[in-house]
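Below is one structure, written out as structure tokens; comments come after it.
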Amino acid sequence: MGNGERPPARRPDSSGSPPPAADAPAASNHPFSSHDTKHMTSRRLASRTAVAASLSALMLAACGGDDSANAPTAGGAAPLTPAVASPAGPTGSTPGSTPGATTAPAPSSTSAGQLSVDKMAFAQTHVVPSGGLSWTLPNASASLRPISRRDALVLVAIGQADAVQPVLEAWKDGAKLGALALSPPSALPPTESGGRAYANDRWSAVVPAAWMVPGVSFSVSASNYTSSVAQAPVFGTDADVQLTILPFYLFGADDTNSPPLSTTQAPDAATQQEIFAKWPTAELKVRTHPAGRFSLATVVVGPRADRTGAAQPAYPVTALDQQKDGYGVMSAMLTLITNMRTANGDGPLNDQYYAPLIALNSNGQFANLGGGLGGVGSGAAVGDHRYTGIFIHEQGHAFGLNHAGDEYAKGAYPYAGGSLSGSVWGYDPNHREFLDVLVPTTASSYAKCASSHQLDAQGRCYKQDPMQGGAGDQSSGYKFATFSDYNTGRMQAWIASRVLADPASSTGYSKWDSAAQARAPYTPTTDNNGLYGVNQNLPVQAGVPVHTIVVSFSKAGSAGASYIYPPFSYTGNLIATFDPTSAADRQAITVDKGTYPWYCKGTGCDYTLRVTYADGSRTYRVLQGGFRAWWTPTVYDANATNPLSGSSFRVWAINVPGDKRIGKIELLDTPMVWNGMPANPTVLLSR
């Protein structure tokens, strides 16, 4: 792009963080078992062992159906392709297709004596047809495909009622991978809370993850019929998701006066399995951040409105009840962890960050947080330590989901009021049961749901999506409500968009190619001439000792708002940054002329971090972004000194080499540093 072209849109706020969504969903108080490991754990679907160990035929109970009951009359959208025959709904419901969603038609060239397969679907997070689901809405589109490399319950509707001993066969490149005996419809698992059966005509088997890969096709044969026409599922990404937990103990909170680290540093094993059951990923890897707990005595809240709606300047907080609105501390911490995630090179990766906030009030008592915040699409969220409704909702924001009711009103969500009215059914492999789109009788919301939920023709309540007050719609024994198929498809899209650290790739990275249904080698590039960093802020050194330094700064001089946080030291990553004492580095970031001509063009490069190590050595790093007018890095923003404006406040996070102990951290005033480093810069802050 030429330097005279129109500048790209500015990111939403002065700290570079995505806009948070504030929430306080109801959260149940399920007890947690102790979980004190800091090592990464992985969760795959339950009930895999027997099938994965032997790919021979076996009988497995399952439940069937490839779409849901009771299609609503509102919220539909024009299909992407011509509609196919309406799939059968659950027993006792009116059959119908999902509004706005289309499925690929099954092959139909059955010959005499050949078994016919009317429907084939795969139950993972949801029951999804082999060709996937897709939606085109007035202001959004999405798709949901079977998840590659993840166990699935295959559901088959057979055209012949007299088929004897039907068998599912898996083929790839002309070779037979194996066969599985299909369990009869009478052996289907139940629906949650003893609810209505999903279908009465589906044969089933658990397909191992090794068969759920692009290029594999499935056919069904019987002892009295030849094999059906094969169906090759259209797969979604095979990427895993890493969930990184960063527990923050604030204002004197510790293990003696608050929930201990052993219960906050990661969800317990059962909760991890339920998270995996809800997220469309091939594998869930959960780790506690390598730094362990983060303890902070002070948090700086940026300019924002107080509880009355009056604008307030940035201010420091040393107890949770000092915040001037209910989300002040959460907002500050969301900005902090989002910037820390970027500084560690995790920004483009398939890594979700969650920070449980453990805080004390001014009386020294543990304080209930009462909600959470997630940066929409940022991969980061904050909330309480219980890992229930707040957690799953805020991580939904981190996946890029907004509030479903608002999106429905804007033509960006297909089901009325943010409900599941029209979604396909869900499936939970841990309980081995289907998840109805209707509120189950054991849900805490069941008794009074009619006043707040969408209703079917019989007056029964549809579930709400977790992104629209769905907490409480889940059956007893579950922590999380059921996402709609549409929102699950959007989460799958977020995962597919991520860069994957991939040792099998020639570049060390790969990305999912949806058209090819395969990973492709990915070479990091610098977008927008370095406006948001170099090589997408991926690591230039990985697995090395680092110090993470976080600085808040008020250009307006708000009392106590300019602050250097205690550094965090751990084994992490370093991204490309620049040393202003190096002429070559200054040339690289010179506005409109350097190697990265837009690195400083957005809002300037006017501040430098100087770190003096215990041995007297020093390192200097330019802090990208400041208080300049957008795209005019020589002129200050009109609100740069307005204490009530977010344009007067910034939070930077940067990793520096951590092989030596830090002696001093200083923030230096270095205006337009690409033009030259001052010989004796003014020290603005010191720690």
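The backbone N, Cα and C atoms fix where each Cβ goes, and this holds for glycine too.
The shown structure was predicted, so the numbers you read here are calculated from the model rather than taken from an experiment.
Feature annotation from Swiss-Prot assigns region 'Disordered' to 1-45, 73-112. Look at Swiss-Prot and you will find 233-501 tagged as domain 'Peptidase M66'. Feature annotation from Swiss-Prot assigns Zn(2+) binding site to H393, H397, H403; the stated evidence is similarity to another entry. For E394, the entry in Swiss-Prot reads active site, with the evidence type similarity to another entry.
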Between H403 (Zn(2+) binding site) and E394 (active site), the C-alpha gap once rounded to whole angstrom: 10
When a 10 Å sphere is centred on the Cβ of H403 (Zn(2+) binding site), how many other Cβ atoms does it contain? 20
So for H397 (Zn(2+) binding site), how many other CB atoms are inside 10 Å of its CB? 28
For the domain 'Peptidase M66' (233-501), would you mind checking the mean pLDDT of the predicted model? 98
Return one of helix, strand or coil for H403 (Zn(2+) binding site), based on DSSP. coil
